[in-house]
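Trainee: Take a look at what Swiss-Prot says about it:
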- Glu85: active site, proton acceptor (ACT_SITE)
- Gly8, Pro9, Met10, Tyr11, Ser12, Gly13, Lys14, Thr15: ATP binding site (BINDING)
- Phe117, Ile161, Ile162, Glu163, Ile164, Gly165: substrate binding site (BINDING)
- Cys142, Cys145, Cys174, Cys177: Zn(2+) binding site (BINDING)
Amino acid sequence: MSIEIITGPMYSGKTTELIRRITRYKLCKKNCVIISHSIDNRHDDDNILINHDGFKISHDDFIKTNILINKIKIFDKYEIIGIDECQFFDSNDLIIFCDTLANNGKKIIVAGLNSDFNKNPFKSIIKLIPISEKITKLQSICNFCYNDATFTMKKFNKDIIIEIGGSDLYIPVCRICYNENNTIN
């Protein structure tokens, strides 16, 4: 059917938008599931998805995993499949999974960061763009000047590219503030 991407920096509302879209389809009696990578520790338990604002959605069909393609048959019963924090999944696994299911009539809604704190794109997003029907890029609010923020800046531990954290570790910033303040240690 189709693949939709929701992307942007930290605190731009990607998970919130994913939850909103899935909820709309659930109201239309569609069979929906949300997948999150098992590395994501924002979840209270296996049946609750929570965003950085603390908004929770209880979801009977919520799956945490680190590998997608070997579980593809599990998703036959679902019409709408949401994937949160896609940057944590292996990019080839994610692409094959999304493309296969979309080609078999499923709507896939993928949410993930547009880039790491060095402004390097995540392969999962880059590889999804050519096979997607819809891309939504969200913005946050700059932590310094309160203008629109399109980048994520890491406060410390800058030698570790993938590190799970919240506002204790990452902040959204605009281009100017990224360039002026990217030496925070």
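All residue numbers here begin at 1 and follow the chain in the order shown.
Using the three backbone atoms N, Cα and C, a Cβ is placed for every residue, glycine included.
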Trainee: At the level of the C-alpha atoms, what whole-angstrom distance separates Glu85 (active site, proton acceptor) and Thr15 (ATP binding site)?
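Mentor: Glu85 (active site, proton acceptor) to Thr15 (ATP binding site), Cα-Cα distance: 8 Å.
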Trainee: On a C-alpha basis, identify the one among Gly8, Met10, Tyr11, Cys145, Cys174 that is nearest to Phe117 (substrate binding site); the candidates are the binding-site residues.
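Mentor: Nearest listed residue in space: Met10.
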Trainee: Let me know the most crowded of the recorded positions, choosing from Glu85, Glu163 and counting other Cβ atoms within 10 Å.
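Mentor: Sorting the candidates by Cβ neighbours within 10 Å, the top entry is Glu85.
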Trainee: Would you list the other residues of this chain near Zn(2+) - those whose C-beta lies within 8 angstroms of the C-beta centroid of Cys142, Cys145, Cys174, Cys177 - in sequence order?
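Mentor: Neighbours within 8 Å of the Cβ centroid, excluding Cys142, Cys145, Cys174, Cys177: Asn143, Phe144, Tyr146, Asn147, Ala149, Val173, Arg175, Ile176, Tyr178.
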Trainee: Take the C-alpha atoms of Gly8 (ATP binding site) and Cys142 (Zn(2+) binding site) and report the distance between them in angstrom, rounded.
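Mentor: Here the two Cα atoms lie 13 Å apart.
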Trainee: Taking only the binding-site residues Ser12, Gly13, Ile161, Glu163, which one has a CA atom nearest to the CA atom of Cys145 (Zn(2+) binding site)?
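Mentor: Out of the listed candidates, the nearest Cα belongs to Ser12.
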Trainee: Taking each of the binding-site residues Met10, Ile162, Ile164, Cys174, Cys177 in turn and counting other Cβ atoms within 10 Å of its Cβ, which one has the fewest?
Mentor: Ile162
Trainee: Where among the binding-site residues Gly8, Pro9, Gly13 do you find the Cβ with the fewest other Cβ atoms within 10 Å?
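Mentor: Candidates: the binding-site residues Gly8, Pro9, Gly13. Fewest Cβ atoms within 10 Å: Gly13.
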Trainee: Can you tell me which of the binding-site residues Met10, Gly13, Ile162 is spatially closest to Cys177 (Zn(2+) binding site)? Compare CA atoms only.
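Mentor: Nearest by Cα distance to Cys177 (Zn(2+) binding site): Met10.
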Trainee: Comparing the binding-site residues Tyr11, Phe117, which residue's C-beta has the most other C-beta atoms within 10 angstroms in this structure?
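Mentor: Result of the Cβ crowding comparison: Phe117.
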Trainee: Sorry to bug you, but what's the C-alpha spacing from Ser12 (ATP binding site) to Ile161 (substrate binding site), rounded to the closest Å?
Mentor: 20
Trainee: Would you kindly give the Cα-Cα distance separating Glu163 (substrate binding site) and Pro9 (ATP binding site), rounded to the nearest Å?
Mentor: 15
Trainee: Have a look around Ile161 (substrate binding site) and count the other CB atoms within 10 A of its CB, chains all included.
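Mentor: Step by step: centre on the Cβ of Ile161 (substrate binding site), count other Cβ atoms within 10 Å, giving 12.
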Trainee: Check the binding-site residues Cys142, Cys145 for other C-beta atoms within 10 angstroms of each C-beta and report the one with the most.
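Mentor: For the binding-site residues Cys142, Cys145, the Cβ with the most other Cβ atoms within 10 Å is Cys142.
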